[in-house]
Amino acid sequence: MHFHERFDVIVVGGGHAGTEAALAAARMGSKTLLLTHNIDTLGQMSCNPAIGGIGKGHLVKEIDALGGAMAIATDYAGIQFRTLNSSKGPAVRATRAQADRALYRQKIQNILQNQPNLRIFQQAVDDLIVENHQVVGVVTQMGLAFESPAVVLTTGTFLSGKIHIGLENYSGGRAGDPPAIALANRLRELPIRVGRLKTGTPPRIDANTIDFSQMAEQKGDSPLPVMSFMGDVSHHPKQISCWITHTNEKTHEIIRGGLDRSPMYSGVIEGIGPRYCPSIEDKIHRFADKSSHQIFIEPEGLNTSEIYPNGISTSLPFDVQLNLVRSIKGMENAEIMRPGYAIEYDYFDPRDLKNSLETKAINGLFFAGQINGTTGYEEAGAQGLLAGMNASLQVQGKEAWCPRRDEAYLGVLVDDLSTLGTKEPYRMFTSRAEYRLLLREDNADIRLTAKGRELGLVDDARWAAFSEKLESIELELQRLRGQWVHPNSPLIHALNPHLNTPISREASFEELLRRPEMDYSKLMQIEGFGPGLEDPQAAEQVQIQVKYSGYIQRQQEEINKAVRNENTGLPLTLDYKEVPGLSNEVIAKLNNHKPETIGQASRISGITPAAISILLVHLKKRGLLRKSA
């Protein structure tokens, strides 16, 4: 049975990757279908009720700069906003928001339902239709076939998902949802390497049974940050506090006593869990010398009593979970509303993907999110946007696009995955980016919005706001460079009290701002130097561009050197055994990874600069030197 319409792009799955993929393809004008097993759970925050953080906030800003929905939804759902690393340099500052689950889901669903070119249909997908290595559609659980030349799979933890609580386990995509068994079996037939990963979630606690007076209060920032470049503080709902408590030796004894019934430590779970978000069992085992671990007590929303205790993800049996929770200060009488659990699921080796996130084996088939071995809403959303965009470009007959490592954290993410692969759930950090001084949260729009407009991702309202901001920044920089003050100027009397060393020669306003003791806000408040920019985002940009100009210029020069051969393409059909001069080790690694570019090849462990030189000579001799898109 065939559906009566044909689509340009089909997206399977309605989580963070799927929603961004569907919205991106539809914004670009492609007739798009989003298939989900349950329309009510579109945009569901399956684990922690928070968006952003170190590295992750950078991805959210990049999604936003390209017209995505995550940051906008966060502004409407965020019940506590904080800027992390605020005392450090701008490269590592990151926005994090505690979100109301219901408000977030509601906003995402509202955006989806009002997006032109997007159709939503409730059915689980069981099969792919593939003809001559080209995807041509999907088949749902009820045997209904949908036709499309481009399919984006964003299956999350649903592929052969297995939920573990103690030594008991059962099939599930997440708590309360069925797994995708038939689709997982179908995908295992494809020539793509498959593995198993694991993630987990903590028990949810009833706030009415917690004694918050024994915990440290953690308030949000003032003034309040916003997540979206189009956001406004007026969009935020009521703001509330989170709380901090700690485990103790008694907690650790309870956990150690239950390890014989832990699926992780009894060999029941095969999948590898996230290194940077370990279960409480893992923490106690790996950091045996620590007498306590911090726990963040995070509300799940404004109209629910559920609390997310961030830091005690566990798959221990329920009785052990209850005892360990009640051993924690402030939770002596706590009641669990939902037990914690671990979930194992299939993922596919991302080295079998192009950097467009299209599979190398099947034309038109794209993967995004946890299916590629990542963990986190933000990583999923960023991949979803890229996959949906490239699926749309493909059906329009246009070249694929992916930002380079020096252009976006999204570029770092995709390059790491498609070049190096991953054996454990991959999480983004600022430390993964070698050019992080240029890849800041504050300039994500300056880096990406013009490209997003060119690709068709950015609407008129965002483009107008961005253009106005860009113009105001440039005009203000010109003003600061063009206005001068000299030692005999009448402005000196107001200026010198704010300087560590009074000026002894003529100086531009720009030079004054570059002084360590001066910032833009302070300079603009001095008589004769204002008025400054009213837009805080534009003002921040002016300050950073002035104060860090030398460092930024130096990093840009490094990038210019590095990218000379970065985008030189490598044919996917190239057999590296045919390249004279390469060692057997290098041949094996290159044939295994099948890098798309010289840049990717150079980042594979064991590929030496000498091997890269040999490759470049071989390509030149064979007339194969070409620049990748």
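Residue positions begin at 1 at the first shown residue.
Cβ atoms here come from the backbone N, Cα and C positions, even for glycine.
Per Swiss-Prot, these features apply:
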- G13, G14, G15, H16, A17, G18: FAD binding site (BINDING)
- 273-287: NAD(+) binding site (BINDING)
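The FAD site, placed at the center of the C-beta atoms of G13, G14, G15, H16, A17, G18, has further neighbours from the same chain whose C-beta lies within 8 angstroms: V11, T19, E20, A21, T36, T154, G156, A368, G369, A380, G384.
Cβ contacts within 10 Å of H285 (NAD(+) binding site), excluding its own Cβ and spanning all protein chains shown: 17. For the pair R275 (NAD(+) binding site) and G15 (FAD binding site), the Cα-Cα distance reads 23 Å. For the binding-site residues shown (H16, R275, K283), fewest C-beta neighbours within 10 angstroms: R275.
Nothing from the binding-site residues G13, G14, G15, H16, A17, G18 places its Cα within 10 Å of the Cα belonging to K283 (NAD(+) binding site). G14 (FAD binding site) carries neither a helix nor a strand DSSP state and counts as coil. DSSP assigns R275 (NAD(+) binding site) to coil in the three-state reduction, placing it in neither a helix nor a strand. Rounded to the nearest whole angstrom, the C-alpha distance between C277 (NAD(+) binding site) and G18 (FAD binding site) is 23.
Each of the binding-site residues A17, C277 was assessed for Cβ neighbours inside 10 Å, and the highest tally belongs to A17. Taking a C-beta cut-off of under 8 angstroms and a sequence separation of 6 or more, S279 (NAD(+) binding site) has the following same-chain neighbours: G200, M264, G273, S313, T314, S315, A342. Within 10 Å of the C-beta of G18 (FAD binding site) there are 30 other C-beta atoms, taking all protein chains into account.
Counting every protein chain shown, the number of other Cβ atoms lying within 10 Å of the Cβ of G14 (FAD binding site) is 28.
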